[in-house]
Amino acid sequence: MVLSPLGMAAPSMKERQACWGARDEYWKCLDENTEDASQCKKLRSSFESSCPQQWIKYFDKRRDYLKFKEKFEAGEFQPPKTAAKS
Amino acid sequence: MLLLAQAPKAWHRLFQLKPPALPRTPGGEAQHVRYRLLSRQGPAEMGRQDQPQGPGLRTRLLITALIGAGLGGVWLAMRAEKEQRQQRRRTEALRQAAVGQGDFSLLDHRGQARCKADFRGKWVLMYFGFTHCPDICPEELEKLVQVVRQLEAEPALPPVQPIFITVDPERDDVAAMARYVQDFHPRLLGLTGSAEQVAQVSRSYRVYYSAGPKDEDQDYIVDHSIAIYLLSPDGLFTDYYGRARSAEQVADSVRRHMAAFRSVLH
């Protein structure tokens, strides 16, 4: 999909839906492959070509947040043990 | 008011009605009182020995009861008046807020100037966002127009005006707003304006927004508070709904507000 130059025009409803669809496919692939992005390269590139760059950054962060939230709510979250010398 | 000021005097007078003999004849008077209370007989039947000591117990009880009832009535009347006064003051404050608070001067997506008074007499559901919003704004706007469709389907209910106000005046001009709102609802009104006008309307509805850093495409994301606002036909802020509320919950709340609504404007 060719997005408008300079990102000046906002995606239309159709473009938004295409972007969300590609995102959901990619996220599903990550779910099925225990977050191994190397298994989802094709879907990643489809996701990247369907959404504005800014949105990709946003959705990547959002996925991290949603994953963290899931873990946290399930009580599985362990604060990372840093090997720092204190 | 006047009656209450006189009340202490009235009590004083009442006490003066009591026989001054009481302290002088301890026991005697008290016994009579007890006897009379037990026998339920008036002073007439009691013989003449009480006469110089003033009015009988019945009279005194009667006077006390009358004054008590009078004071009670005064208290009730004063309370009612105070409530009325408070109600009047509240209505006046609301009326002033209805006209002044949250007023705005913006352009709609057809380029027509709009201010808050244009929506007087209509219920308004209002959402702040931006057209380049990745997911939250379209979801919330979809929810907002779902509420409007649900309420529209009930002909007994007054009409609701859906409004979308941008917090990204730099990119969301009239044309961008026109392109954006058409995807949601034929009556959804997009409002935009200068940076100052948008800042002013956002401030008056306590909406926070902050544009993030621009990337190489000059694209950016605007962080902003997320809430759907309900304004009454008087233009007063009436309720707000966060992300967690479903369209059904919002519609139920709006119906309740509509049922309870009484205008403060004439």
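Using N, Cα and C of the backbone, Cβ positions are placed for all residues, glycine too.
What TrEMBL says about this one:
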DOMAIN    B:95-263  domain 'Thioredoxin'
BINDING   B:CYS133, B:CYS137, B:HIS224  Cu cation binding site
DISULFID  B:CYS133-B:CYS137  disulfide bond
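Counting every protein chain shown, the Cβ of B:CYS133 (Cu cation binding site) has 25 other Cβ atoms within 10 Å. All protein chains shown were included, and the count of other CB atoms within 10 Å of the CB of B:HIS224 (Cu cation binding site) stands at 21. Averaged across the domain 'Thioredoxin' (B:95-263), pLDDT in this predicted model comes to 93. Within 8 Å of the Cβ centroid of the Cu cation site, not counting the listed residues B:CYS133, B:CYS137, B:HIS224, the chain contributes B:PHE128, B:GLY129, B:PHE130, B:ILE136, B:GLU140, B:VAL167, B:VAL222, B:ILE226. Counting every protein chain shown, 23 other Cβ atoms lie within 10 Å of the Cβ of B:CYS137 (Cu cation binding site).
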